[in-house]
Amino acid sequence: ETVDSWEWWNSFRLLCEHSSQLYVALDILSSLPSMNSLGRWFGEPVRAAILQTDAFLTNARGYPCLSKRHQTLLTGFFNHSVQVIISGRSNHNVSQVSEGVLSRDENHTEDTPTQHALSPYLDYMAYLYQRMDPLPEQERFEINYRDFLQSPLQPLMDNLEAQTYETFEKDTVKYTQYQRAIAKALVDKVSDDEVSTTRTVLMVVGAGRGPLVRASLQAAEETGRMLKVYAVEKNPNASLIKLEGWESMVTIISSDMRCWDAPEKADILVSELLGSFGDNELSPECLDGAQRFLKPDGISIPSSYTSFIQPVTASKLHNDIKAHKDIAHFETAYVVKLHRVARLAPPQEVFSFAHPNFSPKATNQRYTKLQFELPQDTGSCLVHGFAGYFDAVLYKDVHLGIEPNTCTPNMFSWFPIFFPLRKPIYVPSESPIEVHFWRCCGATKVWYEWALVAPSPSPIHNSNGRSYWVGL
C-alpha cells in the first residue's frame, strides 16, 4: 500500500502544535501522486523541493527533461517561491557534447573548468523558469498583498479615506461593467421613440467621488438617453467632483441615504456597496433603506448577488492569526489575497439577495448548511478555514464577481474573504465536510457565525457577534 507522505508531515505538525517554525522539504521522485493530492502542499509551508535526477527523462538530443506533470508541479513551486534542489547522480552524460561546443570557441583553453555533472539538470530548471508566462499587471499590483490579512471595510460605521477611493477608482473593469449594465437599463426604460421626450431619473447611492456618476452619464451619452442624476454620499472625505460640466444633470446630496428624503422617485438605483462576500459591507440593509426612492417598476443595479465559500488549507494564515494568542482573531473574517492556499473542493453558494425587494416579510437574516465532497484522489487533508467570494448580477446578463469559476478578469477591487477555524480540522480521505453558516442581524450590527459539524464538530465561531461584526 502506498504511504501518503502528507500524513507523516501532518502527524509531525500536530506533535509540534502547529509550530510556525516548521517547514517542509519535499522529495520529488519519478512517479507522482494525483494532481489533487499534490495540490494539498500549496497550502503547506513548503520551503524546498528536492528533485531527484531519477525523475528526469531524456529528450531526443540526449538532454534531461521532465514529464508534463513534473513540469506543472515545478512551475507551481516556482510561483510559490519554493527553492528547487537537484539531488542524485548524473544519468545524462552530456558533458562531452558541451565540451565539444566549447572547443569550437576560440576562447576555449585547456584551463577552462569542466562543467558540473548536474549542470544539464540546472540548465533545464532555468529553461523551465524562463518559459513561464510573466505575471499579469493585476498580479504584479497584488503581489505585496499575498496572504496579508486585512480587516474588511466598515463603510457605514467609518468614513473611507480619500486614498481608499483613489485605489478603487483605478479599477476600470468594474466601472466598464457598471456602464454596460446602466446602458442596458436605460434602453429598456426608454424606447427609441421616447428618447427626445423622456428623462430618466437615476440615483447613485454611496456615490463616493463620482465614478458611478461618470459611468451613468457615459451610458446616457452612448445610448442617446436623457438623464437626471442624484448623487447621494454621506462621507465628507469623498468630495464629489462638482465640475466637468455635470451641473445641469447632477444634483449632489451630502447625506446618509438612510436619512435623505428624495424629492422624486427614481427609475434606476445604482450602488457599489458590495464587499468581498457580497453582503458583508451591508449592501442588503443599505438598499432596503434606499429602495423607498425607487418607483414600483424601478431597476436596481446590482439586481442580485450571491456569496460562495470553499474549504481551504492555509497554514500561513492560520499561524499568522494564532500569533495574536486570542480567540477573537480566530472569530474574525479577513480580506486577503489568497496565495499559499490549497482549495480543497469547488465553491458552493451560501447566501443570496435580490433588489428591489418590496416584500413586507423580507429579512436579511440567513442560515445555510453546506456539504463539500473532496475529490477521491485527494487523500486526507487539514481544513484551516473557508475562502469566501461573491458573484453579482448588475443587470440581466451583465455580471461582476470574484468567484473563481466565473470571476471578472482583470478586476482588483475585491480580494477573497477568509473565515478561519479556531482549531484546524483533520479530514480523512473521502470524508465529507459539513459546515453551517449564519448571517445574523441586530439593532446596531450584523455578524456571521460559522461552525463545522463533519467530519468532527467545531465550536460555533463568533457567537452573538462577540468578536467580529459590521456596524449599522
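Glycine is treated like the rest: Cβ placed from N, Cα and C.
Curation plays no part in TrEMBL annotations; they are all automatic predictions.
Going by TrEMBL, these are the annotated features:
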{"type": "DOMAIN", "residues": "2-131", "note": "domain 'PRMT5 TIM barrel'"}
{"type": "DOMAIN", "residues": "137-301", "note": "domain 'PRMT5 arginine-N-methyltransferase'"}
{"type": "BINDING", "residues": "Tyr165, Lys174, Tyr175, Glu233, Asp256, Met257", "note": "S-adenosyl-L-methionine binding site"}
{"type": "SITE", "residues": "Phe168", "note": "site 'Critical for specifying symmetric addition of methyl groups'"}
{"type": "ACT_SITE", "residues": "Glu272", "note": "active site, proton donor/acceptor"}
{"type": "ACT_SITE", "residues": "Glu281", "note": "active site, proton donor/acceptor"}
{"type": "DOMAIN", "residues": "304-470", "note": "domain 'PRMT5 oligomerisation'"}
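Taking the Cα atom of each, Glu233 (S-adenosyl-L-methionine binding site) and Phe168 (site 'Critical for specifying symmetric addition of methyl groups') are about 16 angstrom apart. Counting Cβ atoms from all protein chains shown, Phe168 (site 'Critical for specifying symmetric addition of methyl groups') has 18 others lying within 10 Å of its own Cβ. Annotated pair Glu272 (active site, proton donor/acceptor) and Tyr175 (S-adenosyl-L-methionine binding site), C-alpha to C-alpha distance, rounded: 10 Å. Across the residues of the domain 'PRMT5 oligomerisation' (304-470), the predicted structure has a mean pLDDT of 97. Sequence-distant neighbours of Met257 (S-adenosyl-L-methionine binding site) (same chain, six or more apart, CB under 8 Å from its CB) are Val205, Gly206, Val232, Lys234, Cys286, Gly289, Ala290, listed in sequence order. Reduced to three states, the DSSP call for Phe168 (site 'Critical for specifying symmetric addition of methyl groups') is helix.
All protein chains considered, the CB of Glu233 (S-adenosyl-L-methionine binding site) has 23 other CB atoms within 10 Å. For Glu281 (active site, proton donor/acceptor), other Cβ atoms within 10 Å of its Cβ number 22.
Just so you know, the Cβ of Lys174 (S-adenosyl-L-methionine binding site) picks up 24 other Cβ atoms within 10 Å once every protein chain is counted. Around Tyr175 (S-adenosyl-L-methionine binding site), the same-chain residues six or more apart in sequence whose CB sits under 8 Å from its CB are Glu169, Pro211, Leu212, Arg214, Ala215, listed in sequence order. Taking Cα separation as the measure, Phe168 (site 'Critical for specifying symmetric addition of methyl groups') is nearest to Lys174 of the recorded positions Lys174, Asp256, Glu281. The number of other CB atoms found within 10 A of the CB of Glu272 (active site, proton donor/acceptor), across every protein chain shown, is 24. Comparing Glu281 (active site, proton donor/acceptor) with Asp256 (S-adenosyl-L-methionine binding site), their Cα atoms are 15 Å apart once rounded. Secondary structure at Tyr175 (S-adenosyl-L-methionine binding site), as computed by DSSP, is helix. Asp256 (S-adenosyl-L-methionine binding site) is surrounded by 16 other CB atoms, counting those within 10 A of its CB over all protein chains shown.
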